[in-house]
Amino acid sequence: MSSVGIDQISFYTSNYFLDLRTLAKVQETDPDKYYQGIGQEKMSMAAHDEDIVTMAANAAYPLVENGEAEQVSTLLFATETGIDQSKAAGIYVHRLLGLNNNCRVVELKQACYSATAAIQMACALVARQPEKKVLVIASDIARYDLNTPGEATQGCGAVAMMVTAQPRVLEIDPEVGNYAEDVMDFWRPNYRKTALVDGKYSTKIYLKALKKAWEDFRESSSLTFNDFTHFCYHLPFSRMAQKAHQHLAKANKSELDANGLEQQIADTLSYNRIIGNSYTASMYIGLTSLLENCQQDLAGKRVGFFSYGSGCVSEFFSGKVAEGYQQFLFTDLHRDMLDKRQEVSYDEYLNLYKAPDPRDGEVHTIAADTQGRFRLAAISHHKREYVAI
Ligand code: CAA
């Protein structure tokens, strides 16, 4: 069977961010609680004319701008901040990107985990028909109530991955380990725009799921902890990954000291520290961060992945970085986007937080603001109208 995996990977986040020092000042909290305690510095805030659809299209555009759109046979869209109970967000993206009419499109949901389900499904589709390309997009806006512990862990972002045979970036191994359990650690009923969370409990369940998924992985894979040079964890906030990695290392009686363990994850955290949580996209933005920021040549190195979705479903899987992967990354594009972002004041943050949500069926046009290529131009007669700029 030919190898399958990620052929290209690109992400998008909003042009606006709130520095968590600003939030700390308003809350009269020590900023080190955020900068060190949870390991987050900034959080991206979507403009009013941005949502999961526009972010997704922006993330995927570099992967299809040279005629590849015609070759995409399936678009799998992972999100937990869906905009419609019926219509898949990916259908809008299908049009914005000019995908062909014979392309299958579907939306997947299981909290922050569903992008990993999408990746595994994409690999299975491509293994069956190696000439096909499957586009996997994960896109989310993380929102908690104001003045709650979760507020500092908000953010937004989308990541797009082209899954193919003979991938040029990351070959994904077929063995996986799963752990699922019906728990109430984080959830968002249909009538709410913000998530509810039992914060401390959620971090405990995350660590339990990691241990259980790893044990299940070890049942099917011959790889051991020492076979991995790097690990990508789901990143609700970067300190969670540090705790998780220490937990896994301890369970495996690793001889690496604290610094050695930190080196195995440090480069995966750089982008998320300044973007915040992007739910389904966060682990894969972490992978992008590793590939684009690691000074070492990662070709041939094995990376371990722990994907966690509250509720909960989790998965440990592994991949091997391809030779020459550097030439297929979008490093300059991503760095440029992050460098050009604009800081907002606390009042501007509050304004962005209150994204338009008209429910009266009237015509609501939305002022142009995003720096991206695609925008939400109006919500009219209960229909969302997207345009390419
Ligand atoms: N300087 C340095 N560190 C400080 C500090 C200071 N002045 N003040 C506090 N800290 C440290 C604390 O000691 C603590 O560190 P430890 O965890 O190592 O003990 C850390 O900062 C956080 O402080 P608190 O525990 O007091 O923080 P909190 O209770 O206010 O909130 C949280 C923490 C529960 C994670 C909260 O941010 C939250 O609810 N977040 C949303 C839920 C979440 O992300 N859960 C993660 C698992 S679920 C998941 O992964 C799915 C998902 O995407 C949501």
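Residue positions begin at 1 at the first shown residue.
Cβ coordinates come from backbone N, Cα and C, glycine included.
Taken from TrEMBL, the feature domain 'Hydroxymethylglutaryl-coenzyme A synthase N-terminal' applies to 3-164. Here the domain 'Hydroxymethylglutaryl-coenzyme A synthase N-terminal' (3-164) has a mean pLDDT of 98 out of 100.
Summarising the annotation, TrEMBL assigns (3S)-3-hydroxy-3-methylglutaryl-CoA binding site to Asp30, Tyr144, Lys243, Asn277. The Cβ of Asp30 ((3S)-3-hydroxy-3-methylglutaryl-CoA binding site) lies under 8 Å from the Cβ of Ala24, each of which sits 6+ residues away along the same chain. A coil conformation is recorded for Asp30 ((3S)-3-hydroxy-3-methylglutaryl-CoA binding site) in the three-state DSSP classification, outside any helix or strand.
Marked as active site, proton donor/acceptor by TrEMBL: Glu80 (among others). Listed in sequence order, the residues of the same chain lying 6 or more apart from Glu80 (active site, proton donor/acceptor) and placing their CB within less than 8 Å of its CB are Lys109, Gln110, Ala111, Cys112, Ser114, Asp140, Arg188, Tyr279, Thr280, Gly309.
DSSP gives Cys112 (active site, acyl-thioester intermediate) a strand state. Cβ-based neighbour count (10 Å, all protein chains) for Cys112 (active site, acyl-thioester intermediate) stands at 31. The active site, acyl-thioester intermediate annotation in TrEMBL covers Cys112.
TrEMBL lists 177-248 (among others) with the feature domain 'Hydroxymethylglutaryl-coenzyme A synthase C-terminal'.
Sequence annotations record features per position, and here TrEMBL assigns active site, proton donor/acceptor to His234 (among others). Secondary structure from DSSP puts His234 (active site, proton donor/acceptor) in coil.
Sequence annotations record features per position, and here TrEMBL assigns domain 'Hydroxymethylglutaryl-coenzyme A synthase C-terminal' to 255-351 (among others).
Under DSSP, Glu80 (active site, proton donor/acceptor) is assigned to coil, being neither helix nor strand in the three-state scheme. Checked against ligand 1, the recorded positions Glu80, Cys112, Lys243 give Cys112 in sequence order as having a Cβ less than 6 Å away from one of its atoms. Within 10 Å of the C-beta of Tyr144 ((3S)-3-hydroxy-3-methylglutaryl-CoA binding site) we count 20 further C-beta atoms, all protein chains included.
Annotation note: Tyr144 ((3S)-3-hydroxy-3-methylglutaryl-CoA binding site) sits in a strand segment as assigned by DSSP. Comparing Tyr144 ((3S)-3-hydroxy-3-methylglutaryl-CoA binding site) with His234 (active site, proton donor/acceptor), their Cα atoms are 18 Å apart once rounded.
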